[in-house]
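The block underneath contains the structure these notes are about, expressed in structure tokens.
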Amino acid sequence: MGKYECYCLREKMKSKSRFYCYILIISILYGFQYYINNKITPVGDQTAFLNYAKEFHHNYLEFGINRYLTWSSRLLIESATLFFSVHDKLFIIASIIASFFLLLPSKKICPNLPWIPGLFIFIFLPASEFLSAGSIPTYINYVFPASFLLFSLYYRYSDKWWVQCLAFLSFVFAIMNEQLAVYAFLWIVFELIRDWKVITFRYRNILYGLVSLTGILSAKFSPGNTLRFEKNVESWFPNFVHLNPFQKIGLGILETGDGIFSVSFGFIFVFLIVLVVLSFYKKNFISLILSSFTLFAILSQKFEWRNILFTLSSVSKVARESGTFDYNVVYFGAVIYNIVLFMILMYSLWTLSKVSDRLWIIYLFGIGLIGRLLISFSPTLYASSTRTYLPIMLSLFIITCYFLNDIYIHFKRSKAIK
């Protein structure tokens, strides 16, 4: 090996070491905030889990099985929630490890700017949005499995057998969350069709597809979920059983649209700003106008300027309070307007993406919306808070990193020309 090759190898190793050190530091900062939140905000369901620990004599697996039969299909996730509710110091280590796994695909998500995902997890997966059932229980049920899901989806093709095993085990755990099971299944289906001719990928995708389908069926037919559904209807949404599927989807669209376009999540602003900047760089004036319009509409809602989004939010509030979806112009108009806004975003994504990636980017946005709209079929539609936006958070996290990578490439090219 010559001097130049040795130099390149050393630089590559230094770069890899710096990357791992960086994501470790970010993982510590990101994971630790959930522990801090657990100390300064109401612990929520953790109190109940501490009582469960005594009741089940700290037999965590037995508790998970019992919950599967009486309350929830999230068997191992329930076991983990009980364990970390009791051992909150170990929770710190677990959250850091999970965050590290979440950031490992950074170079695949944003090749030219691998440090961006580390910053964006604070915006797209903010700890402040995962407090509704207490910091530890909410994190373990949502962000924890989502972290392992992204790792498994990006590393299931690894050449190293131990990474393949780790990815598979991570995937099995992640799909015990029903929203993530559907999200993963739709992701795998796309890649199965796209990479059908690659034999190795085909069989691996079929395996992962079947596992995610098992997660969906488990959630559907779990005895615990059936019992929980009945109790939640009584507690949260008595009129739910009287709604037909179209009414449920209508309410889901109203609630999802209100959450995305009216609640004003920080990640929505970042996503739209990136769209505006990229539209400007690519001189795509239609996308620039549409993205700017959407951004302005959300900002005006944020500052309580009366506009159509204010009206839509009011319609959603009325639907929430009445617990029904009426077949009238107001409700249908609100649903159609939300769909139009989603289509505007999809048009911008389509025109701004590389030709080879367009279908995937649109599909990724779509499965994020579908993952969120699943809550339409749950009586906890209005009780689950912002944590159920997790699928759209994941999709927009990946898409925004993708577009920032594209902006960087355009910036470098324009600089080189000058």
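Cβ coordinates come from backbone N, Cα and C, glycine included.
Feature list (source: TrEMBL):
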type	residues	note
TRANSMEM	19-36	transmembrane segment
TRANSMEM	82-104	transmembrane segment
TRANSMEM	116-141	transmembrane segment
TRANSMEM	161-193	transmembrane segment
TRANSMEM	260-278	transmembrane segment
TRANSMEM	285-303	transmembrane segment
TRANSMEM	329-350	transmembrane segment
TRANSMEM	362-382	transmembrane segment
TRANSMEM	388-409	transmembrane segment
Long-range Cβ neighbours of the transmembrane segment (260-278) (under 8 Å; 6 or more residues past either end): 120, 123-124, 126, 129, 284, 287-288, 291-292, 294-295, 297-298, 301-302, 309-310, 312-313, 316, 338, 341, 345, 348-349, 352, 386, 389, 392-393, 396-397, 399-400, 403-404, 406-407, 410
Annotated stretches the transmembrane segment (116-141) and the transmembrane segment (19-36) touching (3 or more Cβ pairs under 8 Å): yes
Stretch in 329-350, 362-382, 388-409 most in contact with the transmembrane segment (161-193), if contact is a CB pair under 8 A: 362-382
Other parts of the chain folded back onto the transmembrane segment (362-382), taken as Cβ under 8 Å at six or more residues beyond its ends: 178-180, 182-183, 186-187, 190, 229, 232-233, 236-237, 240, 245, 248-249, 251-253, 255-256, 320, 342, 345-346, 349-350, 353, 388-396, 398-399
Cβ contacts under 8 Å made by the transmembrane segment (329-350) with residues that lie 6+ beyond its boundaries: 250, 253-254, 256-257, 261, 275, 279, 286-287, 290-291, 293-294, 308, 311-312, 315-316, 319, 358, 361-362, 365-366, 369, 399
For the transmembrane segment (82-104), distant same-chain residues with Cβ under 8 A (at least six beyond the ends): 23-24, 26-28, 30-32, 34-35, 38, 45-46, 49-50, 52-53, 56, 58, 60, 63-64, 117-118, 121, 136-137, 139-140, 143-144, 146-148, 150-151, 154-155, 170
